[in-house]
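Database features, via TrEMBL:
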type: COMPBIAS; residues: 314-328; note: compositional bias 'Polar residues'
type: DOMAIN; residues: 40-84; note: domain 'Homeobox'
type: DOMAIN; residues: 87-288; note: domain 'TLC'
type: REGION; residues: 297-340; note: region 'Disordered'
type: SIGNAL; residues: 1-17; note: signal peptide
type: TRANSMEM; residues: 96-116; note: transmembrane segment
type: TRANSMEM; residues: 136-155; note: transmembrane segment
type: TRANSMEM; residues: 162-181; note: transmembrane segment
type: TRANSMEM; residues: 220-239; note: transmembrane segment
type: TRANSMEM; residues: 259-280; note: transmembrane segment
Amino acid sequence: YLVLIWLFLCNFSRFIAKPCAINLGIQDSGPHRAQPNAILEKVFTSITKSPDGKRLEGLSKQLDWDVRKIQRWFRHRRNQDKPTTLTKFCESMWRFTFYLSIFFYGIRFLWTAPWFWDTRQCWYNYPFQPLTSRLYYYYILELAFYWSLMFSQFTDIKRKDFLIMFVHHLATIGLITFSYMNNMVRVGTLVLCLHDASDFLLEAAKLANYAKYQRLCDAFFMLFGVVFIVTRLGIYPFWILNTTLFESWELIGPYPSWWLFNGLLVTLQVLHVIWSYLIVRTAYKALMRGKVSKDDRSDVESSSEEEDVTSNSTKGIFSTSSNGSNRINGHVAGGQWTEE
């Protein structure tokens, strides 16, 4: 299934996402490229991509360049290896399509499931609960998708929340696999559906940002923030954790894997708190200033302080870099943050 998802992604990006991006006027052009310089290129590839003050002074004397000009060269050089806005638009459109589709599939499936309305049903007759075909495919698709996100983290740009997202993907894959092997799929479907409820809104905000529809981007981000906080800080602990921690203990007792299962679920809750803080901080900045001065997880670095000031004058909730791009990986945005 992982291979099938990868093949579908390749064709989706080529035949659906890319034509949509081009129709919206998104060009396949990257950041400003650094001018060729053999000495600086050797330092960049062999020694360091971010030289310290002492090395900058030495390069300044060697090249007879101003220190700020050398700093600007290194910024441009780091940026030119990063993906274009078109590439990021295609990636976000794929994630948006998957999250939206799987969310509505989950809602449609769970609407008639008794455990959706009464979480105690998750533990009745456990572990002798039937695994229907619809439940099986729901699980397998989610598992394959999160494995694809795990692998893509090592090929994408390394972002500031790399470790948080890596832990999140590990915990998610661990929970999906563990709950499937132990036939805890009923409560597993609740966790999956709850997490999908806000993810497609974040991807929609990113798509609007790449297409330069700032007001639409801001609206989607605000809606995402509300849904995220309500589901992750409200419904998740009082609905999901309540049934896994207390109702399961009451109905089936402390089964051998109880501590591991709930440990993974609590780990997710800790990540939810961190991401919610980032969302609230971003929204606060937007309300207080009317813009966010800097994207904490921006893909592209500003080439100079003057360029920062110029570009910031046009930024909304999502910071827009010098090539009009921004990326929030997976879950957190923070005009700031968080693909995914």
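Heads up, the Cβ atoms here are built off N, Cα and C, so glycines get one too.
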Among the ranges 136-155, 162-181, 220-239, 259-280, the one whose Cβ pairs under 8 Å to the transmembrane segment (96-116) are most numerous: 136-155
Arithmetic mean of per-residue pLDDT over the domain 'TLC' (87-288): 88
